[in-house]
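Q: Starting off with a structure, shown below.
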Protein chains: 2
Amino acid sequence: MNNTSLLQLFELQPGQYVSGESISQELGVSRTAIWKQIKKLEAAGYRFEASRRLGYRLISIPDNLSAAELASRMKSNVFGKEVQLFDSVESTQNIARAAAEEGAPEGTLVIAEQQLNGRGRMGRGWVSPRGKGVWMSMVLRPSLPIYFAPQLTLLTAVALCRSLKRITALPIGIKWPNDLLIEGKKISGILLESAAEDERLTFVIAGIGISVNLEEDDYPVELLEKATSLRIAGGKKLERIDVITDFLQEWEQLYFLYQEQGFSPIVTLWEALSVSLGKPARLITPQGDIVGVPIGLDETGAIRIQLEDGSVKPVFSAEMGEPL
Amino acid sequence: MNNTSLLQLFELQPGQYVSGESISQELGVSRTAIWKQIKKLEAAGYRFEASRRLGYRLISIPDNLSAAELASRMKSNVFGKEVQLFDSVESTQNIARAAAEEGAPEGTLVIAEQQLNGRGRMGRGWVSPRGKGVWMSMVLRPSLPIYFAPQLTLLTAVALCRSLKRITALPIGIKWPNDLLIEGKKISGILLESAAEDERLTFVIAGIGISVNLEEDDYPVELLEKATSLRIAGGKKLERIDVITDFLQEWEQLYFLYQEQGFSPIVTLWEALSVSLGKPARLITPQGDIVGVPIGLDETGAIRIQLEDGSVKPVFSAEMGEPL
C-alpha cells in the first residue's frame, strides 16, 4: 500500500466516511497497516476524522508549495529565478547564507514549509508552523557600499507592505524600521543579514516571514496580543503562492528602481506607509533611551527624531517602543 | 632519533659542519634516516647547508612565535586576551570568523606562522610565507550601527601606521582607505569583514597582514615593484612579537577612544598620516571612474574628492589608482 492508492480511495468518495473494512478489502492490507498509513499522512499535513463505527473521512489535504507551480507562476525575473524548496528546516536564513558563501547568485530563494528554529531580530525566535505562512530567505548581491545596507531593510518593508495591501486590502502599516502591523499587531518579520569586506557589501541574506494562514491556536498565548495573521485579520485563507509571487515582483521592481534612482523614492513610499511618524515614542538604544517624535527618514535611512527642545536627531539603530 | 637529539649535536658545535658519519655513530642511525630528519627540520623552518664532503651545518633556527611569550608580553587588555596560535592555515580570517560565529568574545586573536591562502581586498591573494610576517585576524564586537563599519577600517590603518612608525622610524603613510606604504610600496594589508543583522553589526573580523621580515626572494617578481617589507625598507630584522604587542596596544587604545569620543579624533590622525591627500587621483568605482583631488575624510569615513568644477563629492568605496 502506498499513499497514492489510499488517497485515491478517499478521492472516489469525496467528503464521505470510508470504513476500515472496505479499505482493508480494496487494498488487501490489515486494519493496523491502514491506521499507520493514516498517521503518516497526518504528519505530512493531511487531516482526517476518525470514527470507530464509520471509518475515516478525509477533511483536508495539505496546501504544499510546489516548485514547478512556483516556477511557472513567477512574475519576477531575477528574484526567485532559482528556488530551493524544503519541507522542514532549522532556519531558511542559515541555508541561504551557506548558499551565498558557496557563490549562489543574486535572487536565489530558499523557502520552507516549516522552520523549527526560525530567527527574528535581536536573536528572538519566529513562529513558523508547517504550511501556514511564507518562510523564506533570499540572496542579494547589491553592488553597494556597506553604508546603504539599512536602506535595503526599509526597501524590503515597503515592498512587502505594498504587495500585502494590494492582495488583502487590509490596513497594513510599517513600524520603524521594518515591522508590518495590522492594528498594532505584527504580521510579518524582516531580517537582513549583511556580509561586507571593508566598505563593500559582499552579500545580503534577506529573511522574510509572513504570517499568512496562521490561526489563533498556532500562536503561544503570550504572543496573541502582539501578533496576528492575514487570515485572522482578514477572515479568509490566502494562497501562499499568490503572496510569494506578487511580493517578489514588487520587491524586484523597487530594488531595481533603487539601484537606478537612489533612495529618495523609497523614502517617499516608506513615509507614506509608516505608522511610526508623528507620534511620541521611546527609542531604546545601547547608549540609552531617546524620547521624541519620529518625523521622517533622512537620506541615509536613519529615522529623524524631533526632541523636546525642537532639535532633530537622526537615530541609526534602536528598538522602537510603544507610542507614549 | 628525535629532533632534539639531532639538534643538540649541532648546538654542541655552533656554526660548524657535522659529518654524516659522526651523526650516524653518535645517534646510532643510518645516513638515510639523518637525511630524512634534516628535511623534516627544514620543513619546520630550520635552515642547513649540506656538503657531500663536510656534512651538515645548521645556519638558522626558526623564529617561531610562542603563545606563552605572547601572553606574558601582551600590553593590551582585551585585544589578544585569548590567542589561538597556528602553524599553517589556509587563512586566519576564516578561522576567526568561524570562532566568532561560535560566540568567541571580542579580542579573540588568531595568528598563524604561515597562510597557504591568505586573502586580501577584492578577492586578491596575500603573500604570507612561514615565519616572515604577522598574519593574524581578530574578532571585534563593536556595539555599533553598520554605518560605522568603514570607520573601523580607517581606525585600524591609523593604529597600525602609528605603531609601525614608532617601532621602525620608517616613513610610513596611509593610502586611502587602509593600505600602508613606504615610498609607494605596500607593507601591510588590512581587511575588515563585517557581519550585521539589519542595521546593527554583530561582529567584525579584522584581518591584518604585516610584511615584517620578508626578503626580496619571498615575493613573486611581479610584486616587487608594488610591495616591500619592513626588513627590506629598514635594512634590519625585527622581532615579530614586538610588532604584535605594540600594535595591539595602540589599536586597543584607539578603539576605546573611538567608542568614547567618536570618529573625529580618528579623522585627525588619519589625515595627518595620509599620503593620498592633495594629489590628483583616479578613483575606480562600479559606477565608473571619478577623477579629482582627495582633500580629507567626511564624518562618515567617506573620502572627500574635489572635482574639476570645484565641487566636493564624498566617495564611499573605490579602488584608488595611482596619483595622476
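Cβ coordinates come from backbone N, Cα and C, glycine included.
As the structure is a computational prediction, the values presented were derived from the model and not from experiment.
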Q: Out of B:20-39, B:120-139, let me know the one TrEMBL marks DNA-binding region.
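A: Going through B:20-39, B:120-139 one by one, TrEMBL flags B:20-39 as DNA-binding region.
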Q: Which single residue out of B:Lys40, B:Lys186, B:Lys236 does TrEMBL record at the biotin site shared with B:Gln115, B:Arg119, B:Gly120, B:Arg121?
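A: Candidate in the recorded biotin site: B:Lys186.
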Q: Select one residue from B:Arg119, B:Arg121, B:Lys186: among these binding-site residues, choose the one with the most other Cβ atoms within 10 Å of its Cβ.
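A: In terms of Cβ crowding, the pick is B:Arg119.
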Q: DSSP-wise, what's the residue breakdown of the DNA-binding region (B:20-39) into helix, strand and coil?
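A: So the DNA-binding region (B:20-39) is made up of 17 helix, 0 strand, 3 coil.
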Q: Across the DNA-binding region (B:20-39), what does the mean pLDDT come to, as a whole number?
A: 89
Q: Quick one: of the binding-site residues B:Arg119, B:Gly120, B:Arg121, which have a CB under 8 A from chain A's CB atoms?
A: B:Arg121
Q: Relative to the Cβ of B:Gly120 (biotin binding site), which residues of the same chain, six or more apart in sequence, are found under 8 Å away?
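A: Once residues fewer than 6 apart are set aside, B:Gly120 (biotin binding site) is near B:Trp126, B:Gly189, B:Leu191, B:Gly209.
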Q: Let me check the 10 A CB neighbour count of B:Gln115 (biotin binding site). How many other CB atoms are there?
A: 27
